[in-house]
Structures are given as C-alpha cells and as structure tokens.
Amino acid sequence: MEAAPSQEHGRQHDRRQAGWRPLHDQVLDVSDDDDYNLALDQAGEALSCAGRVVVLSGAGISAESGVPTFREAQTGLWARFSPADLASPEAFAKDPERIWAWYHWRRTLIARGGPNAGHHALAQLAEIKSLQTITQNVDGLHQAAGSRRVAELHGNIWRERCSECDHARLVPMAEAQGDAPVRCRDCGAMMRPAIVWFGEMLPQTALVAADAALAEADCVIVVGTSNQVYPAAALVDTAVAGATPVIEINPQETPVSQHVDHRLAASASRALPDLVARLS
Ligand code: OAD
C-alpha cells in the first residue's frame with residue numbers, strides 16, 4: 001500500500017506532491033463492447049456474491065450532472081483555477097467574497113444538474129445490498145438520489161460553519177441563492193463552506209466509518225476518482241491491497257487500475273446501471 005507521509009496523516013493532500021505523475025490522458029476503448037461486456041459479467045458476479053458493498057466515489061460520478069471534476073485536462077477545475085487560491089483557509093482569510101462567489105457558482109451547477117443515472121443506480125443498489133458509500137464529493141448528490149448511508153470525507157457544500165465559533169447550518173439545495181458571504185448569527189464572524197480545504201483534517205467520524213465499512217466489505221466499487229488525493233486515496237490503496245474484490249469504474253486509467261480485480265472503462269452513468277441490472 002502506498003501510504004500517506006506520516007506528518008500528513010488525516011490531512012488532505014495530493015498524490016502528486018509525493019512525486020506521482022498521471023500515467024497519461026489515456027482513454028480506454030469504451031467502444032469495445034466485447035471487452036466491456038466480459039468485464040461487466042465478471043464484476044456483476046463479484047457483486048452478486050457480496051452481502052456488504054462499499055462504494056468509494058469521486059468527482060467523476062457527478063461529471064454527467066454537469067459538475068466539473070478537478071484534475072482532468074481542459075475541463076477539470078484545477079486546470080483553470082489554483083487550489084491554493086480557492087480551497088485553502090489562507091485564501092478564505094484573504095478574500096472571503098471571492099471564495100464564496102466560487103462556491104455559490106458550484107452550488108448553482110449542482111442544483112441545476114441534480115443526480116444522474118449513476119447516483120440513482122447506487123440508491124437502487126442500496127435496496128438490494130447493504131451499502132455504505134464513502135465519497136470525496138461535497139455535492140450531496142448521492143443523498144439527493146436517495147442514498148442514505150453516505151460518509152462525506154471532504155464535507156458538504158450545502159453546509160456552512162462559522163470560521164470562529166461552533167455555529168453551523170445546512171442550506172437546503174432548493175434555497176441556495178445570492179453570493180454574498182453570510183455572517184454568523186451567534187458571533188458575527190464570517191461563515192465558511194463546511195468543506196475540507198487543502199492542509200485541513202478530514203472529519204474523524206467519516207474516516208472511522210470508512211475504515212469500519214472497508215474492513216467488513218465483501219465487494220468494493222471505486223468510481224469516478226483519480227485516486228490522487230490523500231487520505232481518501234489511501235482507502236482505495238488499502239482496498240486494492242486486500243482480498244476483497246475491487247471493481248473500478250472510470251473511463252481513464254488511475255494509479256490503481258492495473259491492480260483492481262475488475263475494471264469497467266466507462267462512464268459512471270453507463271456502468272453503474274449496467275452493473276446493478278446484472279443483479280436482477
Ligand atoms: P478528480 O478530478 O481528481 O478525478 C476525477 C476522475 O473522474 C478522473 O479519474 C476521471 O477520469 C473520472 N471521470 C470523469 N468523468 C467520469 C464519468 N462520467 N464517470 C466516471 N468517471 C469519470 O476528482 P477526485 O478524485 O474526486 O477536494 O478528486 C479528489 C478531491 O480533489 C476532491 O474531493 C476535491 C479535489 O481537491 C475537495 O473539494 C475538498
């Protein structure tokens with residue numbers, strides 16, 4: 001298992017800071033239906049045999065909802081914006097208006113797109129199997145599709161917390177409006193998005209839930225993540241190093257693609273419904 005550097009334990013950072021480079025922008029041949037169908041049959045069999053399923057999801061599952069991913073060339077958010085400028089406590093302290101405008105823009109895209117066929121397929125899977133979803137996404141789209149057991153490793157864009165005191169509030173997706181920063185009703189300090197920014201600690205409850213679910217899982221589905229951001233990527237590394245079958249769904253190769261048991265080189269909105277359909 002490729003472990004996170006010890007001083008970064010529990011803190012968000014990027015695999016590339018540790019020297020990893022993407023393989024290349026290789027899109028596997030999703031049009032080769034024979035290969036896809038064979039992989040689907042085998043992955044479907046592994047999933048059929050499982051009682052407890054864990055899904056580890058990333059930005060790719062929401063791409064077809066119109067929510068941009070982070071690291072894809074051209075379209076990824078980090079291809080256009082700098083994480084240090086928009087996703088760090090220092091950036092927020094320097095220019096909260098700018099940070100809020102960015103998060104309000106992303107909220108608008110999420111609310112407009114809503115959950116897609118991939119999110120809905122997972123909600124359907126939860127009716128058939130015991131399912132724990134562990135997501136790096138902050139968009140709340142798993143829950144909007146009806147998934148109930150969702151551990152959010154990087155927080156939730158619909159939650160706000162005070163930058164000074166303990167006050168927090170949830171903004172319903174339908175009610176999000178305006179892009180002016182909000183002040184805390186208790187202490188008057190600036191509210192901030194309840195999102196884990198670079199250099200910040202992940203919520204302990206989500207990490208504990210993730211470890212416990214992975215320890216009991218009979219099958220793990222890794223969908224729509226580049227597997228580059230730690231400590232989330234360490235959960236995938238652990239799953240891949242263990243004996244539990246791992247299915248990866250991603251049109252592009254990731255650092256773990258060569259090591260998973262089943263690889264579906266297709267979009268989440270195609271592969272997840274196909275996989276769940278294999279169960280009925
Ligand atoms: P990335 O942007 O790093 O990776 C997205 C992955 O989704 C890539 O591997 C794509 O190939 C894949 N992908 C794209 N479209 C897809 C589709 N339709 N179906 C399936 N897969 C698809 O996103 P994450 O790995 O989620 O942190 O990034 C992790 C974290 O980095 C994010 O949570 C975010 C960011 O900094 C925070 O916001 C706190």
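Just so you know, glycine gets a Cβ as well, placed from its N, Cα and C.
Cross-referencing A117, A206, A268 with the NAD(+) binding residues that TrEMBL gives (Q136, N137, V138, D139, G224, T225, S226, N250, P251, Q252) picks out A268.
Distances between the Cα of R106 (substrate binding site) and those of the binding-site residues Q136, C165, G224, P251, A268 are shortest for Q136. Listed in sequence order, the residues S163, E164, D166, H167, R185, D186, G188, A189, M191 complete the 8 Å Cβ shell around the Zn(2+) site centroid, once C162, C165, C184, C187 themselves are left out.
Within the same chain, residues at least 6 positions away in sequence whose Cβ sits under 8 Å from that of C187 (Zn(2+) binding site) are C162, E164, C165, H167. A gap of 5 Å separates the Cα atoms of Q136 (NAD(+) binding site) and H154 (active site, proton acceptor). The Cα atom of G224 (NAD(+) binding site) lies nearest to that of H154, taking the recorded positions Y103, H154, C184 as the candidates.
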